[in-house]
Amino acid sequence: MEKVYVAGAIPEVGLKLLQEHFEVEMYEGKGLVDKDTLIKGVKNATALISLLSTNVDKDVIDAGKDLKIIANYGAGFNNIDIEYAREKSIDVTNTPKASTNATADLTIGLVLAIARRIVEGDQLSRTTGFDGWAPLFFRGREVSGKTIGIIGLGEIGSAVARRARAFDMDVLYTGPNRKEEKEREIGAKYVDLDTLLKNADFITINAAYNPKMHHLIDTEQFKMMKSTAYLINASRGPIVHEQALVQALKDNEIEGAALDVYEFEPDITDDLKSLNNVVLTPHIGNATFEARDMMSKIVANAAISAVQGEKPQFVVN
């Protein structure tokens, strides 16, 4: 029986599928798998199930001389050297569609949380308390009738747009390509990035990360935004220059931010933690039972397909 190395615990539904077809070796230590353990694990393995936090570089790929597939448990795959994997004739797959609804739900949840100061209100209620209802007390912003600007109208961005329309929001979007069919379906308008930044009340980042996207939102971009704007990032941390965001918040260039991802993840800068006009969540975009189970099945089936000589779904290289 061929071996699969699983770089961290995954939901049981996928693990059982793997156990039917492979000898399964899984990292069960505390924290993230370290490089030496990963290199040891991929030796003699036909398949590797990697997590978003698993750095699969050339050394790891070279150690996995028998690898046919690296099935990444996540929609992103910038943790893997996919070009080198291609050179070695190793398929790399991801789990794109499984994350769509969960991440879109969280994105809209972050919009509501920061606009209506939900987390801040929860903290107040649990600590000092409040004196009662008052006309000027704890005011936030309404979402209905506002403009949402979506950076990246892929599967997740489109799902965010549909949810935003249910709140009677106007939808702007930007990206490398105009998507006229989706515009008609959703009721969205394509604009360039600068126009989006200048006009949106809520700016959500739902684009995939690549080197060209690094620090797409920096000091110059914050200066374009409305002083009442909110930035929401449930995509990848390095798309936003974190220190520039901190400065924009401190200088009241924008009203607030809600983040599920961070530039130096898992580290979160103390400056962000100290600000009241920021909502922070620990990279839980697709952390639902439904999404994580589906992702588990997708990576398992991809590994099974590869060892059976079939082309797996969702190959990215």
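Going from the start of the chain as shown, residues are counted 1 onward.
In case you wondered, yes, glycine gets a Cβ from its N, Cα and C as well.
Within the same chain, residues at least six positions away from H283 (NAD(+) binding site) with a Cβ under 8 Å of its Cβ are D260, V261, Y262, E265, P266. What Swiss-Prot records for E155, I156, A234, S235, R236, D260, H283, I284, G285, N286 is NAD(+) binding site.
Per Swiss-Prot, active site is recorded for R236 (among others), and the stated evidence type is similarity to another entry. The DSSP secondary structure for R236 (NAD(+) binding site) is coil. Neighbour density for R236 (NAD(+) binding site): within 10 A of its CB lie 23 other CB atoms from the protein chains shown.
Residues or ranges marked as active site in Swiss-Prot (evidence: similarity to another entry): E265 (among others). Other Cβ atoms within 10 Å of the Cβ of E265 (active site), summed over all protein chains shown, number 16.
Classification of H283 (NAD(+) binding site) by DSSP places it in coil, neither helical nor stranded. Here Swiss-Prot flags H283 as active site, proton donor.
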Return one of helix, strand or coil for E265 (active site), based on DSSP. coil
Rank the binding-site residues E155, A234, G285 by how many other Cβ atoms lie within 10 Å of each Cβ and give me the one with the fewest. E155
E155 (NAD(+) binding site) in three-state DSSP notation: helix
